[in-house]
Ligand code: HEM
Ligand SMILES: [Cu+2]
């Protein structure tokens, strides 16, 4: 039995056993359901092997939503534990595991796939392309992300979860202080999904540079596409850093190297350094596509073109460069001198300038606009003031001398949630509501959506504003409890209430999906929001080839011009269309990656070697494969077009 | 005949072997740490550029500015990372 001991949970509790049972039952239910309804073939043909950017986008979206709930449950547990002084709900070890997985899941497995969902779904449509540049690679990216996420999620029922924080600082994350396998999960799962992100970066850059519709020069691209381009430039620049850092960390933990050890010439601080060389640009990777979505939404619902297009682009490019020059602001207190700290203080504060430019551009877009208060617009309007608060507290943190006081307190926690929730999460929910009709052919209910927005905003303020105060009073982050004498009790209770309100809001969003599936009208046409860019110029549901005729573009709002100024979007006639074939290899290869990661985590060398050979075999298969794609004939296109035109 | 002969590729291949051999000398020639690092850094960067230009065909299309633009951006960011790290850990710790 020794062999199986390693899979046991080091710190079991009732909750974990209950979730084991729940996971087991869910898996059985899914398998039984698929078998009963004979859906295995459908699942394999239409989803698991697809290379269609729209379907991949939808799969990213579903995964992100599921992870949002997993991370949300973690969050509620954390707030519940802190709600009253000297609480015994979670023991310290369990608390450590929960905040570590909460952070990793929200950043890597919720926010990242969410932005990838919109990148995948929207960018090819917005630039008038038929798919991304490398559709098969795109599928591989998705499945690597997916299996990475699954690997991370099984950690809390098999072997134990990471407990060294989402930043996983050494020496705490080293074998001496974190002996169980949790941190191995961290290293392998993020590594696997990170490789996927890197590939998406290359794929999207190539797509945007090479596949734009005729007439769409770089300065005529819609703002969301611009934001995606800049984001992916950052991805390609900084993801290699985390890849290498994780590989070094893995070697320290599994093979006894001393990169981040405190002995034998190792340097533990180097991990923090490398982590933030990636980590700070990573927060901009999340926020820039959100900015892009807000730009689209604000200009659509103000009925105006985006104010200051050029300055928007310039500020994003400046942000992309600056974001790689500020990383040390995450460890001002690590011991480097005043010179280094001052340098990074100044670069950090400089980022606030281009960000401010963008805020003013949105305000000027709203100025004298005919504003429609739809749900996506509400999120965008809520974003502006709330995000400004996050930015201002960021500048406070950026003063390195003052940061000695703020660092690692709840003040910091309040700051980054204040940027990430109104910045990223609001954008994702706004984008979800905005693109929902394009993806699924009906709208989400506006009334329920507005309730959800208000509850989320109020819940957010209740949950996070108190933390600014307790943080300034000295409440440290990542502490599993505090004594009554500190006086933190009432404000933490308020935070817990706020978290509860946010949970209700998310439940409402789920209910909204259910409600709208049942009751929403289906004959909404292809352009329900009266929008401006190309993605709304094709049918709903979008045919697999996106556009029967390649669009010709003369401005960044080609569709608006076509509607209002009679610009001819689709000159030319239908020709046969070349499309890529589906393939099961990305799925299989990623599944093998999962086995590889799992074997590495538990130091099962033989399966690890075998699966590594499997991975190379998949790559070799691809190299020697002869696959020239297929053609959709003119007749078939015309049939589809008439059918879809009937719908609208 | 001379058009068919892949001159550029063969030369590139030979040159990349030379660079590899040059890097290998660091191991055999008991150089000081600084000298060794200098040789390794220079050969590594030249090698990377060589691969990019000769074997990955950067610069053979009209929009080559995109590829070179990205390369310059990455090099700039990499240098900032390295010098920033040196500032933190060596020059000002
Ligand atoms: C004006 C812009 C911003 C400035 C000046 C700023 C500044 C800072 C500083 C100085 C810290 C480190 C504080 C400490 O550890 O004591 C920090 C932490 C953080 N910021 Fe910001 N920030 C800004 C915008 C953002 C945005 C847009 C995001 C995300 C979308 C973000 C996410 C984070 C996160 C996640 C952390 C903490 C991570 C951790 O330690 O766990 N920040 N910020
Ligand atoms: Cu930062």
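The backbone N, Cα and C atoms fix where each Cβ goes, and this holds for glycine too.
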Transmembrane segment range according to TrEMBL, out of A:58-78, A:163-183: A:58-78
Recorded stretches the transmembrane segment (A:58-78) and the transmembrane segment (A:489-514) touching, at least 3 CB pairs under 8 Å: yes
Stretch-level contact, the transmembrane segment (A:185-205) and the transmembrane segment (A:419-436), CB cutoff 8 A, at least 3 pairs: no
Positions whose Cβ lies under 8 angstroms from the transmembrane segment (A:376-399), at least six residues beyond its ends: 294, 297-298, 301, 329, 345, 348-349, 352, 355-356, 359, 362-363, 366, 406-407, 411-412, 414-416, 418-419, 421-423, 426-427, 429-431, 433-434, 450, 453, 457, 460-461, 468, 529
